[in-house]
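Take a look at the structure below.
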Amino acid sequence: MASNSSSCPTPGGGHLNGYPVPPYAFFFPPMLGGLSPPGALTSLQHQLPVSGYSTPSPATIETQSSSSEEIVPSPPSPPPLPRIYKPCFVCQDKSSGYHYGVSACEGCKGFFRRSIQKNMVYTCHRDKNCIINKVTRNRCQYCRLQKCFDVGMSKESVRNDRNKKKKEAPKPECSESYTLTPEVGELIEKVRKAHQETFPALCQLGKYTTNNSSEQRVSLDIDLWDKFSELSTKCIIKTVEFAKQLPGFTTLTIADQITLLKAACLDILILRICTRYTPEQDTMTFSDGLTLNRTQMHNAGFGPLTDLVFAFANQLLPLEMDDAETGLLSAICLICGDRQDLEQPDKVDMLQEPLLEALKVYVRKRRPSRPHMFPKMLMKITDLRSISAKGAERVITLKMEIPGSMPPLIQEMLENSEGLDTLSGQSGGGTRDGGGLAPPPGSCSPSLSPSSHRSSPATQSP
């Protein structure tokens, strides 16, 4: 009778009850075939082997330790089937296991943990009965948290988990040493200052709201669009000011400065507004304090881009980026040698290298036990570029939806760099503030030139 393979020890070189057992390269323990019940062993000792080998009795095992007969193993047991969890009890997404008492996905697990650890208080803007599924789970934190409780997630499990982590011995730090040299420290401070001077933090703003189309999505709310486009224009100006303060940026040719600004402007705008995301209310705040919910952002002009931007904002939350990290990531987005039509891509790469090194050292100094955070931040640049590509498409459709013309600076900044000559050659092609200056051949429109004096220190950005 074959024994249960899961309880058999894995054979290796040595003896089993005094009998030599050759090693087998099976992942699962092999089953030894042909073993008869003990009572029948004596009568079978002198019979010819049925399957090409003999089955020795205990006595034979003791007296034939030098025998050349082999014991042929049976085929290994099949590997166990992978564990299949029920879908997430909260949103029905793919579950990653049992978390805090129920089958849950990584998203709902993290949301519940953060909500309990930070004692979050959410508000439902509807009737406190929102449908929570994979698509809608980020729209109402109040109802999502209530559903977490309804399906059985445990507060105590979160607290116990946190206490357990506190008692654990600290993990050894990464063996690689990251020294914050004076040069790197000075670069970080310059970028931090450039970011803070052109983009005030959320805690510095006096937030206010508007009731315009806050409940139902429409194709475009003209009043919201007018306000949003005004703030976006100011934000573009502030982005240019930020670029001019980055070490080495103004040493590039004017054409390369314009190419980089046009290519990265939307990346930086999205990154900046997403750092002003408030998950409790599912809102974003502009630099004048205007705070819009998801529906209002859609109606202000974001349209189909809205959910992508809010999803990205949620992905930034676990990174807990400060001003230095946001500024460095913005600078890396901007000063990037793989942009098309650069005159000096090698010089741009040389300017980017110290920024990458500064971000790596700063992130790993700030989070010594989490070495994976630096690559995770860099991966956000790929996400930003993907959203920006869709944002450029959205600008094209917006031109057909808005009653008037697109604000000149927004249109000019989001035009492909190949369209510069066309823009420059237009009569009356000046912006609201820059006038209709005609640039010399090979240069760019003056409204985008980093040397332009259009911006004012008092101007705020979104």
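Note that Cβ sites are derived from N, Cα and C of the backbone, with glycine treated the same way.
Secondary structure at CYS235 (all-trans-retinoate binding site), taken from DSSP and collapsed to helix, strand or coil, is helix. According to Swiss-Prot, the all-trans-retinoate binding site annotation covers CYS235, SER287.
Residues annotated as compositional bias 'Gly residues' in Swiss-Prot: 426-437.
Residues or ranges marked as SUMO cross-link by Swiss-Prot on the basis of similarity to another entry: LYS166 (among others).
Per Swiss-Prot, the feature SUMO cross-link maps to LYS171 (among others); the stated evidence is similarity to another entry.
The SUMO cross-link annotation in Swiss-Prot covers LYS399 (among others). The number of other CB atoms found within 10 A of the CB of LYS399 (SUMO cross-link), across every protein chain shown, is 10. According to DSSP, LYS399 (SUMO cross-link) sits within a helical segment.
Taken from Swiss-Prot, the feature domain 'NR LBD' applies to 183-417, supported by sequence analysis.
Residues annotated as phosphoserine in Swiss-Prot: SER77 (among others).
If you look up Swiss-Prot, you'll see SER96 (among others) marked as phosphoserine, on the strength of similarity to another entry. In the three-state DSSP scheme, SER96 (phosphoserine) falls into the coil class.
Over all protein chains present, the Cβ of SER219 (phosphoserine) has 9 other Cβ atoms lying within 10 Å. As annotated by Swiss-Prot, phosphoserine applies to SER219 (among others).
Reduced to three states, the DSSP call for SER369 (phosphoserine) is coil. Sequence annotations record features per position, and here Swiss-Prot assigns phosphoserine to SER369 (among others) based on experimental evidence.
According to Swiss-Prot, the region 'Modulating' annotation covers 1-87.
According to Swiss-Prot, the feature region 'Disordered' maps to 52-77 (among others).
Swiss-Prot lists 420-462 (among others) with the feature region 'Disordered'.
If one looks beyond the zinc finger (88-108) by at least 6 residues along the same chain, the residues whose Cβ comes under 8 Å of a Cβ in the stretch are 132-134, 137, 144, 147-148, 151-154, 157-158, 161. Swiss-Prot lists 88-108 (among others) with the feature zinc finger.
Residue counts of the zinc finger (124-148) by helix, strand and coil are 8 helix, 0 strand, 17 coil (DSSP-based). According to Swiss-Prot, the feature zinc finger maps to 124-148 (among others), an assignment based on sequence analysis.
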Fill in the blank from the handout: The recorded positions listed are SER219, CYS235, SER287, SER369, LYS399; by CA-CA distance, the one closest to SER96 (phosphoserine) is SER369
Practice task
Mind telling me which of the recorded positions SER96, SER287, SER369 has the densest Cβ neighbourhood, counting other Cβ atoms within 10 Å?
Solution key: SER287
Completion exercise
Around the Cβ of CYS235 (all-trans-retinoate binding site), other Cβ atoms found within 10 Å total 25
